[in-house]
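Database features, via TrEMBL:
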TRANSMEM  A:6-25  transmembrane segment
TRANSMEM  A:37-57  transmembrane segment
TRANSMEM  A:77-100  transmembrane segment
TRANSMEM  A:112-129  transmembrane segment
DOMAIN    A:129-426  domain 'NADH:quinone oxidoreductase/Mrp antiporter transmembrane'
TRANSMEM  A:135-154  transmembrane segment
TRANSMEM  A:166-188  transmembrane segment
TRANSMEM  A:208-231  transmembrane segment
TRANSMEM  A:243-265  transmembrane segment
TRANSMEM  A:271-291  transmembrane segment
TRANSMEM  A:335-357  transmembrane segment
TRANSMEM  A:418-438  transmembrane segment
TRANSMEM  A:459-480  transmembrane segment
């Protein structure tokens with residue numbers, strides 16, 4: 001299989017798999033069985049996609065990137081696409097493995113995996129599009145599948161409320177993106193990302209406006225402060241596997257889409273970079289301060305995602321503003337490690353939530369008080385949660401430390417006052433974030449177990465296994481961070497050198 | 001991989017950490033045994049490094065990209081501190097067999113202690129600033145986990161989180177220093193930097209120097225970060241002995257000593273270091289004089305003694321500071337473990353409920369007295385020699401005399417609070433329940449005896465230690481070199497002759513006798529305090545201030561409160577109203593648009 | 001098409017989008033909010049047609065508009081389905097009732 005075939009396979013597999021999964025589960029249901037088949041089909045499809053990605057990675061021709069023409073749509077597969085696809089498929093497989101038992105009691109079980117596959121397929125496609133409109137189309141497909149997944153518990157008030165807010169705010173953002181696309185098309189005469197970039201060495205006023213619209217439009221999904229207000233609701237109310245996907249890859253997909261659109265308007269790269277640096281500072285501070293006083297764990301983790309996006313923005317902003325590949329690669333690395341860490345955090349909390357609440361057929365949120373002493377009954381779930389939280393707090397030797405380090409190196413290498421000041425600010429924020437991560441870890445390891453823990457049900461191995469896999473990944477990347485260097489560096493260079501064939 | 005054995009002092013305890021954790025809490029006996037075996041093995045690997053203390057063995061694992069290389073290297077300083085970490089670590093583990101008998105979560109306890117021993121070895125052995133920072137944070141993580149070991153006690157949790165956040169905050173200084181170094185040289189190699197510090201511009205060098213000072217102050221609980229160490233005393237006592245007296249808190253002093261050649265020329269840096277050290281030494285000694293919690297007294301005393309070492313580095317006495325570090329880790333570990341035996345026997349830390357333990361705990365009394373005398377600076381114990389070297393360095397080299405005088409005052413205060421502590425705990429009339437108090441057990445004695453022997457004898461290593469440092473640290477200028485070398489020539493044997501020579505020289509210096517006088521005044525002042533009642537009354541204000549830790553606690557508290565209140569106030573912004581959320585999007589767009597137009601115009 | 005026509009269409013685009021956002025912000029009925037979303041998208045469609053016209057590729061502009069209509073319909077369907085659920089569960093369509101998640 002050559003590189004082109006591999007890319008086509010990657011794009012097609014999840015999208016073809018989605019209806020297949022649904023059909024399989026419906027057939028099983030009709031025969032009165034339990035809908036377990038869909039989960040395994042999904043897992044097979046995702047692992048197969050990962051295998052194809054590996055084939056692509058090892059092919060000779062990949063370095064120049066792959067340009068494809070499907071009908072009249074041109075697709076471009078470069079480092080950024082690989083990073084996004086790898087992150088999504090990896091986290092997606094783990095979530096699939098985790099979610100089967102978690103959802104066993106739910107009515108809409110059969111719709112979960114098809115929607116998950118659809119979302120994953122949309123994100124992979126989003127990374128590959130080389131056309132503004134195509135980019136929006138994938139983005140919207142991703143959004144629609146997540147609307148349904150956020151409002152997954154139709155009987156729960158919170159779930160519905162979060163779904164409505166998420167939908168309406170996303171729709172407003174989507175309209176802004178469309179306006180920007182129309183503007184760009186009017187004044188650039190083309191929708192090809194590389195074509196637009198090649199055309200302008202200086203932007204006219206309407207294109208500047210389009211750039212702002214892109215930042216805000218995609219920024220709604222990427223949770224820039226103050227557009228983040230939907231995030232804590234949606235991430236806290238969704239089923240835990242979906243929370244992991246939303247925090248781990250969906251907001252990052254928004255970020256990648258924004259990057260793609262902005263690199264097309266690359267003539268003003270410095271300006272966009274500085275704006276993103278500003279948003280980065282705002283996100284870090286706001287997210288951390290808000291998380292400091294939260295009592296519901298999933299909501300706390302959601303606010304921490306707002307803060308973590310800030311670090312990525314800082315890396316990407318410095319990278320764009322000062323043409324620093326190190327900072328960009330750091331931002332990309334943090335995108336990956338954050339997916340692992342936040343994914344793990346949500347899954348581990350989900351495991352606890354399942355054991356303490358959901359297996360009793362309830363849907364109350366898990367508070368920090370509920371997990372007191374959880375380590376005694378659920379040692380592995382607690383350990384992995386602790387690893388995820390401390391990793392998010394930036395403690396070595398966990399992956400989160402290394403990716404933040406790379407961002408900081410990038411900021412200092414730029415050797416400008418603004419970038420260095422932003423990095424110092426990021427460092428201070430990282431310390432501040434320990435103020436809410438550390439107490440949770442302490443609570444997990446109490447002797448005096450909370451009532452919820454005492455009444456909790458045992459956890460099945462199939463839920464623990466995915467947690468252990470991700471935790472191992474976080475540890476390994478902490479000691480050997482350079483494993484991800486080739487992908488990160490390629491992603492960074494394909495952003496900075498975008499469209500150069 | 002050449003010299004892979006250099007990984008052993010890190011790897012062996014880490015392996016032990018994994019083993020103890022995997023055994024699980026259902027087999028406490030096996031856990032105790034495994035922990036002792038692995039820590040003793042670690043101690044052996046540390047001691048096995050000694051032949052490499054005067055030559056450089058290096059290990060380099062390339063990582064690539066901004067992560068550069070993982071480097072380990074031996075020299076006098078790193079081998080010495082590895083030995084301290086692993087040997088005292090193994091003694092603390094042996095002590096724990098008695099002290100932690102019957103506790104919950106032994107697996108977590110031993111795993112973190114062993115993890116700490118390995119991390120500390122890594123911290124001193126590595127010559128890459130990135131990995132130094134990694135190990136630096138790892139020790140902080142272990143310290144946090146062990147302070148908050150009793151997670152159900154809110155005080156312990158608060159102490160742990162406080163220690164973690166304060167050392168992290170200071171650690172940022174080290175972090176940014178490492179980043180600057182990489183930004184200008186593309187490498188984290190420490191020795192390359194020490195060989196030629198001018199690879200970074202002077203302004204940046206000065207940022208780095210003061211950043212490292214902040215990091216060192218936070219790690220070593222120096223002014224103005226000293227408040228976390230007393231609160232860290234919620235940790236089990238062997239941990240206090242190991243981490244918060246003998247090893248981790250020394251990392252700050254080690255950092256300053258290691259980078260002294262690069263920063264000594266930075267204007268104002270040495271003075272700042274001296275002032276930080278002096279203030280810590282003085283203020284902490286005053287606080288030790290009024291505290292009633294036995295472990296807190298020892299904690300303040302640690303801050304104060306670390307202040308001496310920091311001061312020594314600033315005064316140019318790098319060797320004196322490291323020599324005092326050796327003495328201090330031995331006698332302070334002894335004092336802490338002795339205090340642990342007392343606390344274990346009595347079940348309280350309040351010195352007002354102690355007294356008269358001389359009779360019921362004769363063994364503990366004997367070894368504790370040795371440690372206390374060394375702390376007070378009485379000849380011929382190890383604390384005496386190293387403290388004299390520090391003060392000598394302070395009085396020479398054209399250092400400001402007023403700081404040196406204040407340091408001498410601190411030695412007097414040290415003597416006073418030591419006598420106060422010893423007399424409160426072991427002398428006087430005991431209160432009632434002391435008959436049940438039992439003396440130290442077998443494992444405790446096994447740990448205490450070597451430390452007591454060390455307190456008596458480590459100063460004899462002065463000569464070999466000096467030779468090792470001198471031959472392996474090419475960029476350091478060690479003080480007093482010429483005078484000593486003459487003595488060596490006369491004595492014949494280079495190493496032991498030097499011990500003799502320096503000993504003679506210390507005894508010849510007039511300042512030695514001055515300091516001894518101050519020490520004796522300090523001793524007498526406490527014993528005869530009833531006669532000095534009127535004098536003491538005038539210091540009532542100082543006492544009150546000292547009990548309130550000179551207001552630093554209040555400042556900490558205010559900062560924490562302000563941050564928490566801001567967080568709470570900001571929660572209003574999450575209104576929950578869809579209309580407001582959409583309005584925020586619109587507003588965000590407007591702001592971005594205006595900023596963009598302004599940016600475009602400029 | 002001359003310049004003035006373009007400006008007029010642009011004003012209509014902005015007007016429609018503005019009306020839509022305004023409706024979303026002030027409506028007290030979820031259905032009206034969904035209608036507001038629809039109005040916004042209609043403005044965007046006009047913008048695409050205008051863009052196609054200006055850049056001289058009318059066909060592309062129209063096909064983009066058509067695609068947007070399809071996607072927008074799907075979003076509207078999902079939104080209406082949610083609205084039905086909200087009405088059943090909350091007993092009202094007032095968005096001000098949807099404020100259980102806050103702070």
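Note that Cβ sites are derived from N, Cα and C of the backbone, with glycine treated the same way.
Curation does not apply to TrEMBL; its annotations are automatic.
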Considering only the recorded stretches A:77-100, A:112-129, A:166-188, A:243-265, A:459-480, state which has the highest number of Cβ pairs under 8 Å to the transmembrane segment (A:208-231). A:166-188
With Cβ-Cβ distances below 8 Å as the criterion, list the same-chain residues six or more beyond the ends of the transmembrane segment (A:418-438) that contact it, or say none. 274, 277, 280-281, 284-285, 288-289, 291-292, 294, 300, 304, 307, 310-311, 314, 317-318, 321-322, 324, 327, 389-390, 392-395, 404, 407-408, 410-412
Using Cβ atoms only, state whether the transmembrane segment (A:135-154) and the transmembrane segment (A:77-100) have three or more pairs under 8 Å that are 6 or more apart in sequence. no
Which stretch from A:166-188, A:243-265, A:335-357 shares the most C-beta pairs under 8 Å with the transmembrane segment (A:112-129)? A:243-265
With a Cβ cut-off under 8 Å, give me the same-chain residues at least six positions beyond the ends of the transmembrane segment (A:166-188) that come close to it. 132-133, 136, 139-140, 143, 146-147, 150, 195-196, 199-200, 204, 206-207, 209-211, 213-214, 216-221, 227, 229-230, 233-234, 261, 264-265
Considering only Cβ pairs within less than 8 angstroms, which of the stretches A:37-57, A:243-265, A:335-357 has the most against the transmembrane segment (A:6-25)? A:37-57
